[in-house]
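Okay, structure first, notes after.
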Amino acid sequence: MWVSTIRSASYRYLFKNSNQFIRPKSVSSVAQLSPYFSDSSSDEQNGNTQMKNSTNNIVEVNSYWVTEMLNSLKEEPENALLFFRQLKESGFKHDVQTYMAMVRTFCYWGMDMKLDSLFLEVINCGKKDLGFEASDLFEELVEGLNAEGPNSLVRALDALLKAYASLRMFDEAIDVLFKTKRCGFGLSVLSCNYLMNRLVECGKVDMAVAVYKQLKRIAVKPNVYTYGIVIKALCRKGNLEEAVTVFEEMEKAGETPNEFTYSTYIEGLCSYGRSDLAYDVLRAWKGANVPLNVYAYTAVIRGFVNEKRLQEAEIVLLDMEEQELIPDAFSYGAIIHGYCDIGNITKALDFHDKMEARGIKSNCVIVSSILQCLCKNGKACYVVDQFKSFMKQGIFLDEVAYNVVIDALCKLGRFEEAVELLDEMKDKKMTLDIVHYTTFINGYCLHGKILDALELFEEMKEKGLKPDVITYNVLAGGFSRNGLVKEALHLLDHMKGQGLTPTTVTHNVIIEGLCVGGYAEEAEAFFSSLEYKSVENYAAMVNGYCELGKTKDAYELFVRLSKQGILIRRNSRLKLLSSLCLEGEYGKAIKLFEIVLTLGDDTCKIMYSKLIACLSSAGDMKRARWVFDNMVWRGLTPDVVIYTMMLNGYCKVNHLQEAVILFDDMKERGISPDVITYTVMLDGHSKNLKRDRSSSDTRRNGGERKDTWWNNEEKIDPSTFWSEMKEMELKADVICYTVLIDSHCKSDNIDDAIRLFTEMIDRGLEPDSVTYTALICGYCKQGHVEMAKDLVNEMWSKGIQPDSHTISALHHGIIKAKKVHLRHNNNSGKTEVIRSS
């Protein structure tokens, strides 16, 4: 009791005698000082603050007094910090000395987070706000170390280095590291590790390796994590041999690699695009009983996914389970994300089901990826259903997931449901941001509800959310699609008034929006009005012409630009190419392709694929082969899809010899044919077999033989391809079975056709109308009309609608059977009435 009385008396004396500063031993409560912060003013020149005490006397507080007060509060760090902050809020300008007092207190108590925050404040504010810089604080710290010896202030230097590193001020961080050493003090290896790791993550790999090499010179002993970080850095550089050398350095230093080190090496290999090597290393180490955890396997899975090698990623997942390591949500999530990224939603959902079946709980990141994939694939209805399914499963759904489903509902025009979801978000205290409002505005614009879009736009502003360029772009696009040119231009002026500059994208959405809406003249007028036209604006005009069906104008604009050496963006070139191919302008499509090559772009695989697909479909195999050979010459490897399109083209024009040569070339390049490839070859050779038989029948009936090139070819039995498929363990699909059944029926091998039909059903494959029709034709050809009728009835019972071709085949079969029957009766001298069906 008497102690607090003395303390109170000391403060009263202090503030009554403002020219005499007494250093109190302690402060019982910062609340004792609160009356003095009620009315204050600051002197900017000397940094002092004048405050009134309880007797209304003016008290002058300067740096010396504050430093003494903070030092006296060293045993009460929270009170010291509160006092420090209250003074700052009252207008007092802290200097190096007062900050140093707080640094000493935080170091004394090991309050690392507070220390980090303090240094970040100093660095961010800088000389302009504080009157001094972090470098001044560094000098003060070094002086303190020299005076007091290597005590807890070393912790402060560590914190300063980490603060610089966290702000990506790497030169300053490294300066702290080496200046400290020159002053005779060493920083902890933990802070050095933090610096190196930040350098690696920010792509400054060479700098990280350089820091590592300097550590040993300044007597900082690396630990196992230091080595791990260096290994990761060297792998990212592609210096794999050097990375292995670091393992040897570890051994010499007496450090045993742990799971972190091994996993880091594997992760580094994957980040360099060598996931195959990483997997080899992983298996070798596992065989040598090296400690490896789930993280190492997940790193390899993620590596394969990044390289679009999803089958290999699946193999690693299976291997992981065989090693009795339980995959987690990150392992499955990587594969799910990979399949979503390539648009294979079926596989993504399949893996999600497997994950859930194993009791691994999904998360909002994974489900958002699935929902976004569904939306991109144009399956908005499925997005809504899947969202509800995830919700029933109890998976936490965040703002991103809600925004995806709201976007889907808006695209479907189901705005009432979308609003309900928005209200649900509010009830769950979720933060509605500009993205959610922009999504709604976009939905209204897509459905021509411009007034609703404007109303929501105003509501967003009323709620204090400032529309960004994307919001304005969405609204400008909506105006344009509905022909509201004046309103779109007014919106651009409004944007500028809000301090936002319309971008190239803004101009492009107006151009393309007007074209989508069918306002060709308005689009051309707006395009002409642009003072500066970028390449992107020209690309938008090309896209617009394609949307309007004015492919000729789009092509002419492209050619005009190319003569000036301007090449529009790849997506626009692909759009123009597709439009030309759809209209059968193959000559212009090839010319476009040649221009792109001339201007120095090797073109993407998609362009080659589109050209080959169109030319092959049109039977123009000479040009298709030229494009194919050009692709190979430029070092691009055709995939199974491109090979299959070429093979299909050759088979369509009966150039089977070229097809077989190309088929062999495909296998020699290590590209495995798939079911579709074999189906194409089976179909082509089956039809050729039929032509041969037709030709033989013609010759037997006295017809003249015509020598065609395919008469002189070496014939391949279609069953050869069927046998290859079985050897490769490829499962035939409905189309493949249908081709074979049709082939056997036309070759009068009805028993083989029936066997394949039965085998197909036994495998769980449902025949479609084409399959049934092929077998019905076969039955009718053999005179088995009743069996053909039974098949038609079976089709009806399964809900498969027989088409005109099916009915026609049955009708001709019945008529043929009647003629044969009547002929037989006439020969026997009897007359019978045949029942009509």
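Yeah, the Cβs are placed from backbone N, Cα and C, and that goes for glycine too.
Per TrEMBL, the features are as follows:
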type	residues	note
REPEAT	188-222	repeat 'PPR'
REPEAT	258-292	repeat 'PPR'
REPEAT	293-327	repeat 'PPR'
REPEAT	328-362	repeat 'PPR'
REPEAT	398-432	repeat 'PPR'
REPEAT	433-467	repeat 'PPR'
REPEAT	468-502	repeat 'PPR'
REPEAT	534-568	repeat 'PPR'
REPEAT	604-638	repeat 'PPR'
REPEAT	639-673	repeat 'PPR'
REPEAT	733-767	repeat 'PPR'
REPEAT	768-802	repeat 'PPR'
Same-chain residues near the repeat 'PPR' (188-222), Cβ under 8 Å, at least 6 residues beyond its ends:
154, 158-159, 161-162, 165-166, 168, 170, 173-174, 177-178, 181, 229-230, 232-234, 236-237, 253, 255
Long-range neighbours of the repeat 'PPR' (468-502), counting only residues six or more past its ends (CB under 8 A)
434, 437-438, 441-442, 444-446, 448, 450, 453-454, 457, 460, 509-514, 516-517, 519, 522, 525-526
Please spell out the DSSP helix, strand and coil residue counts for the repeat 'PPR' (768-802).
26 helix, 0 strand, 9 coil
Cβ under 8 Å, sequence separation of at least 6 from the ends of the repeat 'PPR' (293-327): give me the contacting residues as numbers and ranges.
259, 262-263, 266-267, 269-271, 273, 275-276, 278-279, 282-283, 286, 334-335, 337-339, 341-342, 347, 355, 358, 360
Looking only at residues six or more beyond either end of the repeat 'PPR' (398-432), which have a C-beta under 8 A from one in the stretch?
364, 367-368, 371-372, 374-375, 380-381, 383-384, 387, 390, 439-440, 442-444, 446-447, 449, 452
Count up the helix, strand and coil residues in the repeat 'PPR' (258-292) according to DSSP, in that order.
26 helix, 0 strand, 9 coil
